[in-house]
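Accompanying notes for the structure given below.
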Amino acid sequence: MKHLASSIALTLLLPAVQAQQTVWGQCGGQGWSGPTSCVAGAACSTLNPYYAQCIPGATATSTTLTTTTAATTTSQTTTKPTTTGPTTSAPTVTASGNPFSGYQLYANPYYSSEVHTLAMPSLPSSLQPKASAVAEVPSFVWLDVAAKVPTMGTYLADIQAKNKAGANPPIAGIFVVYDLPDRDCAALASNGEYSIANNGVANYKAYIDAIRAQLVKYSDVHTILVIEPDSLANLVTNLNVAKCANAQSAYLECVDYALKQLNLPNVAMYLDAGHAGWLGWPANLGPAATLFAKVYTDAGSPAAVRGLATNVANYNAWSLSTCPSYTQGDPNCDEKKYINAMAPLLKEAGFDAHFIMDTSRNGVQPTKQNAWGDWCNVIGTGFGVRPSTNTGDPLQDAFVWIKPGGESDGTSNSTSPRYDAHCGYSDALQPAPEAGTWFQAYFEQLLTNANPSF
């Protein structure tokens with residue numbers, strides 16, 4: 001918004017017909033002053049209030065990409081999604097031990113629809129079968145606005161129907177709870193819908209209540225949740241940021257509420273715990289363990305809280321024989337070292353935690369990050385190991401895909417209200433759209449560099 005005046009002045013000088021935006025380019029959104037029409041063969045589709053994108057083969061629209069696509073990518077594909085709830089006689093499943101053992105994970109239909117309708121039409125034919133295979137990899141569904149919670153019910157109903165039809169092994173639902181008020185307090189790219197100053201805590205509790213209602217309705221569906229990426233980690237290292245300091249008590253109150261309300265027999269939860277390059281440093285490790293354990297015990301040590309999730313939307317390796325130069329000074333240069341350093345401190349404080357790791361974008365090691373803290377759309381990355389419980393470490397429950405690969409980390413447009421400088425760094429792929437929207441060039445990068453390959 002700081003460039004609004006200059007944008008208005010520039011608009012007065014523009015010719016009557018503006019240049020058309022190229023395929024995948026931005027064509028609208030809050031604060032956008034560039035082209036609003038697309039080249040032939042593409043249409044301007046509004047994906048969220050901040051971003052509209054020229055999508056090939058699409059028709060102009062002012063709604064978000066549908067999240068109720070019937071496409072499914074699990075091995076059982078004969079049962080269409082249904083919104084019918086379970087019968088009163090449906091048994092409640094109980095999560096105990098490693099919640100991933102004995103289950104296959106639900107392949108996110110929304111992500112599958114992005115790959116099939118956004119990515120594949122413009123890919124070279126040689127990459128299309130590989131992209132189709134990516135769409136079949138289970139990835140977490142992000143409940144990043146309250147409006148997506150009903151879709152959770154649609155997916156749980158679909159899982160329930162498939163399980164009743166004999167899915168073997170049974171399917172588990174996988175979701176990210178991500179809607180704190182004043183979210184992303186130390187950055188700008190993923191600011192959310194709720195403000196602490198505008199009834200944000202109450203709104204968040206209503207959001208959690210709605211999630212709980214879905215989980216109770218589908219009590220026979222085993223469901224795994226990742227709770228609030230970046231939130232608690234920001235309270236360890238970024239209280240010098242005014243927005244984080246102001247949000248501290250609200251974050252703690254909201255996360256506490258989530259852990260208590262979602263502590264259900266059919267649920268397993270993992271609190272987000274940043275990553276090795278954030279909280280693995282010796283100065284951060286102890287305070288982080290203290291905070292995570294306190295949050296866990298203050299919530300009553302909920303049975304459904306299994307442990308911590310690391311490397312969410314990040315790029316770190318699981319296990320390295322040689323630490324990259326950008327990790328210098330941190331003995332915990334990979335996620336295996338990080339969790340094995342963290343676990344004893346947690347246990348001593350009353351939290352016998354297990355871990356999961358996001359491997360969706362860590363296929364290339366070492367990364368091409370200029371600095372370990374560079375997080376936005378990093379160049380040269382590739383899809384990593386597929387979801388698996390074969391981790392080789394008793395602390396590590398599973399490798400999973402939490403970040404949907406191909407969705408942007410943040411915009412490189414410096415005039416955007418949600419622009420974060422990290423997205424303009426030399427090691428960030430540009431031009432990039434708003435956080436959460438489709439980034440075709442990034443998907444192609446991940447696909448081309450996938451390790452193991454597709």
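Cβ atoms here come from the backbone N, Cα and C positions, even for glycine.
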As recorded in Swiss-Prot, which of Cys185, Cys323 forms the disulphide with Cys244: Cys185
Asp230 (active site, proton donor) CB neighbourhood, other CB atoms within 10 A: 22
Asp184 (active site) versus Asp230 (active site, proton donor) - Cα distance in angstrom: 7
Which of Asp184, Asp409, the listed active-site residues, has fewest other Cβ atoms within 10 Å: Asp184
Average pLDDT across the region 'Catalytic' (95-454), rounded to a whole number: 97
Cβ-Cβ neighbours of Asn413 (N-linked glycosylation site) (radius 10 Å): 23
